[in-house]
Amino acid sequence: MSDVASREYDLSQTEPRPLDAPSYASVSDYIALLKPRVMSLVIFTALVGIVRAPGEVHPVIAFTALLCIAIGAGASGALNMWWDADIDAVMSRTKRRPIPAGHVTPGEALAFGLTLSVGSVLVLGLLVNELSAALLAFTIFFYAVVYTMWLKRSTPQNIVIGGAAGAFPPMVGWAAASGGIGLESILLFLIIFFWTPPHFWALALYKSGDYARAGVPMLPVVSGTAETRRQILLYTLILVPLAMSPFFLGMAGLAYGVVSGIAGGLMLLLAVQVYRRREGAPAEQAARRLFGFSILYLFLLFAVLLVEAVAPAGLGL
Amino acid sequence: MADENKTPQTPKLQAPKPQTPAPEIEGVVLTEEQKRRRRARSVAIALTLAALCVLFYVVTIVKLGPAVLIRPL
């Protein structure tokens with residue numbers, strides 16, 4: 001672990017401000033603390049969990065559940081930025097975040113994250129149901145404490161285990177709508193869980209210098225790029241049939257079967273390219289392609305599940 | 001001449017007003033930009049609270065339904 005990864009702040013652009021100093025934070029800084037891009041994926045997958053769940057749920061209750069899940073996800077993002085401000089400051093991808101940029105103090109981010117965490121769990125529990133609130137609380141805890149504070153700086157398996165936090169939202173949505181946990185919601189969880197390693201390791205392959213500087217033990221930094229390519233391929237080999245399983249188990253329709261088959265084939269092809277192209281620009285290009293397509297792949301899978309759930313039965317989806 | 005007997009009147013000297021030092025500004029002085037950002041944050045908090053009020057009201061109606069209007073007189 002490098003010096004940078006200790007809890008010492010060495011933010012060249014900012015001096016630590018006294019606690020009673022006036023805040024420079026704008027509303028957009030606080031929105032940035034919520035990690036809106038991650039939040040949009042959480043909203044989308046949670047929505048699929050809500051609409052796929054058995055039984056009827058009132059649209060207002062569904063909206064409330066979705067709002068709480070989104071705020072909870074944003075809160076854990078703010079807590080992540082509070083804890084990781086030191087390493088964010090040295091990574092090109094994250095150095096413009098509100099804390100390293102000096103717009104928001106770590107204390108402000110911590111207070112914001114804790115307030116929203118407690119608020120989102122309480123409102124979900126009071127207005128929707130207790131099971132979904134408990135799952136949301138566990139998701140926030142898992143992301144902020146288990147992943148951010150413990151795993152991220154201590155093991156190259158950080159994003160494998162930590163990926164569970166990103167996989168919970170459809171299960172929370174399912175629980176909010178049905179009051180239970182079904183096999184399909186577990187499958188949705190597993191799809192995101194096994195999607196996370198190839199997605200993040202593809203990014204880490206061409207950003208490994210960043211992670212090394214920050215002292216984050218990502219797999220390419222610790223075990224090398226060859227092992228990372230092998231692991232990406234292995235996880236993709238598990239992911240593709242797993243993503244097709246809702247069709248084979250009769251939980252999804254023909255459209256899902258076709259899309260998950262074709263997109264899964266492309267995902268596997270790109271993972272093989274990453275495995276085979278190991279040097280220079282072609283290697284980086286392959287990793288970038290896999291990273292970009294992995295986002296589209298997950299979006300397609302969940303979009304078809306969503307369309308199948310809401311489309312009129314007459315369409316045969 | 002009567003006018004010559006008059007002694008010239010010297011203008012009354014008024015005692016100088018005690019000079020009070022300019023009040024020192026104590027505490028934190030916000031710049032215009034900080035004031036603008038604080039106002040924007042306050043508006044955002046107000047809108048959020050208003051939205052929460054609406055949400056709680058609507059959810060109450062949804063959960064209780066028409067029964068919300070039935071109460072003993």
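Heads up, the Cβ atoms here are built off N, Cα and C, so glycines get one too.
Straight from TrEMBL, the features:
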TRANSMEM  A:38-55  transmembrane segment
TRANSMEM  A:61-83  transmembrane segment
TRANSMEM  A:104-127  transmembrane segment
TRANSMEM  A:133-151  transmembrane segment
TRANSMEM  A:158-180  transmembrane segment
TRANSMEM  A:186-206  transmembrane segment
TRANSMEM  A:232-249  transmembrane segment
TRANSMEM  A:255-275  transmembrane segment
TRANSMEM  A:295-315  transmembrane segment
Chain residues in Cβ proximity to the transmembrane segment (A:232-249) (below 8 Å; excluding those fewer than six residues from its ends, i.e. six or more beyond): 183-184, 187, 190-191, 194-195, 197-198, 201-202, 256-257, 260-261, 264-265, 267-268, 271-272, 274-275, 290, 301, 305
May I ask for the residues of the chain that lie six or more residues beyond the transmembrane segment (A:61-83) and have a Cβ under 8 Å from a Cβ within it? 33-36, 38-39, 42-43, 46-47, 50, 97-99, 106, 109-110, 112-117, 119-121, 123-124, 127-128, 132-133, 136, 139-140, 143-144, 147-149, 165, 169, 172-173, 176-177
Count the Cβ pairs between the transmembrane segment (A:295-315) and the transmembrane segment (A:38-55) that lie under 8 angstroms and are 6 or more residues apart in sequence, then report whether there are at least 3. yes
Maximum Cβ pairs under 8 Å to the transmembrane segment (A:158-180) among A:133-151, A:186-206, A:255-275 is reached by A:186-206
Whether the transmembrane segment (A:38-55) meets the transmembrane segment (A:186-206): three or more C-beta pairs under 8 angstroms: yes
Other than its close neighbours in sequence, what residues sit by the transmembrane segment (A:133-151), given a CB gap under 8 Å and a spacing of at least six beyond its ends? 68-69, 72-73, 75-76, 79-80, 83-84, 113, 117, 120-122, 124-125, 157-158, 161-162, 164-166, 168-169, 171-172, 175
